[in-house]
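Swiss-Prot annotations:
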- 1-14: topological domain 'Mitochondrial intermembrane' (TOPO_DOM)
- 15-45: transmembrane segment (TRANSMEM)
- 46-59: topological domain 'Mitochondrial matrix' (TOPO_DOM)
- 60-87: transmembrane segment (TRANSMEM)
- 88-227: topological domain 'Mitochondrial intermembrane' (TOPO_DOM)
- His161, Cys196, Cys200, Met207: Cu cation A1 binding site (BINDING)
- Cys196, Glu198, Cys200, His204: Cu cation A2 binding site (BINDING)
- Glu198: Mg(2+) binding site (BINDING)
Amino acid sequence: MAYPLQYGLQDATSPIMEELLHFHDHTLMIVFLISFLVLYVIFAMLSTKLTHTSTMDAQEVETIWTILPAVILVLIALPSLRILYMMDEIYNPALTVKTMGHQWYWSYEYTDYEDLNFDSYMIPTTELKPGELRLLEVDNRVVLPMELPIRMLVSSEDVLHSWAVPSLGLKTDTIPGRLNQATLSSTRPGLFYGQCSEICGSNHSFMPIVLEMVPLKQFESWSATMI
């Protein structure tokens with residue numbers, strides 16, 4: 001989860017998020033290099049008295065500033081496309097969960113089980129227990145097994161929503177009449193928080209998401225009690 005005054009991304013909990021963190025660092029270094037180069041050129045132009053008003057043509061310089069940006073764009077695009085295709089790949093999911101967005105709560109259905117579904121509402125501030133997080137706790141958490149590929153099918157019953165869990169690198173739009181899918185896999189147990197990330201009305205801020213990633217045996221025990 002995020003902390004006050006945190007300027008970086010959340011700690012990665014999935015392979016996809018780890019790739020996104022590496023891509024973020026890779027791109028940020030390129031941006032820094034470009035920024036330093038531009039600032040150096042500006043400083044050099046302002047601080048020197050030498051001018052080249054007679055220069056009308058410089059083929060070498062034009063070639064460099066045409067090829068160099070193209071190379072930089074390729075260096076950014078290739079890892080980006082790789083991650084994009086990785087996010088679309090789903091290999092034999094061990095579990096499928098369908099989530100529907102509503103104004104203003106989420107409903108979940110474990111499609112591999114005959115009757116395992118529930119609604120998930122935010123717990124009001126007045127009902128929070130000591131240690132619980134304001135605007136992030138829900139009455140029913142989404143319990144999932146860790147270290148297994150899980151497919152999420154997302155849609156909406158009313159307006160546009162967005163099902164997002166930053167530490168897992170997930171953000172999928174929920175669109176009425178359309179079924180989108182995403183894949184997730186957690187490398188460690190714990191509670192992972194998210195929220196609706198598409199403005200959907202007056203209570204948009206009150207649609208938290210809580211994933212509880214547990215070992216497989218614990219998930220099987222939980223699912224047996226819920227059926």
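Backbone N, Cα and C define each Cβ position, glycine as well.
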Item to complete: Rank the binding-site residues Cys196, Cys200, Met207 by the number of other Cβ atoms within 10 Å of each Cβ, and give the residue at the low end.
Response: Cys200
Response to the item:
Within 10 A of the CB of Glu198 (Cu cation A2 binding site), the number of other CB atoms across every chain shown is 18
Discussion item. So, three-state DSSP: helix, strand or coil for Glu198 (Cu cation A2 binding site)?
Written reply: coil
Worksheet item: What does DSSP say about His161 (Cu cation A1 binding site): helix, strand or coil?
Response: strand
Worksheet, complete the sentence: In the same chain, residues at least 6 away from the ends of the transmembrane segment (15-45) whose Cβ sits under 8 Å of its Cβ atoms read 9, 72, 75-76, 79-80, 82-83, 86-87, 166-170, 184-185, 187
Worksheet item: Taking the centroid of the Cβ atoms of His161, Cys196, Cys200, Met207 as the Cu cation A1 site, which other residues of that chain lie with their Cβ within 8 Å of it, listed in sequence order?
Response: Gly101, Gln103, Trp104, Ser162, Thr174, Gln195, Ser197, Glu198, Gly201, His204
Item to complete: Specify all same-chain residues, apart from the site residues Cys196, Glu198, Cys200, His204, whose Cβ lies within 8 angstroms of the center of the Cβ atoms of the Cu cation A2 site, ordered by sequence.
Response: Gly101, Trp104, Val159, Leu160, His161, Ser162, Ser197, Ile199, Gly201, Met207
Response to the item:
Averaging the pLDDT values of the topological domain 'Mitochondrial matrix' (46-59) gives 74
Worksheet item: Can you tell me the three-state DSSP label for His204 (Cu cation A2 binding site)?
Response: helix
Fill in: Per-state residue totals over the topological domain 'Mitochondrial intermembrane' (1-14) - DSSP helix, strand, coil
0 helix, 0 strand, 14 coil
Discussion item. Given a Cβ distance threshold of under 8 angstroms, which distant residues of the chain, six or more beyond its ends, lie next to the topological domain 'Mitochondrial intermembrane' (1-14)?
Written reply: 20-21, 24, 133, 136, 166-170, 184-188, 190-193, 213
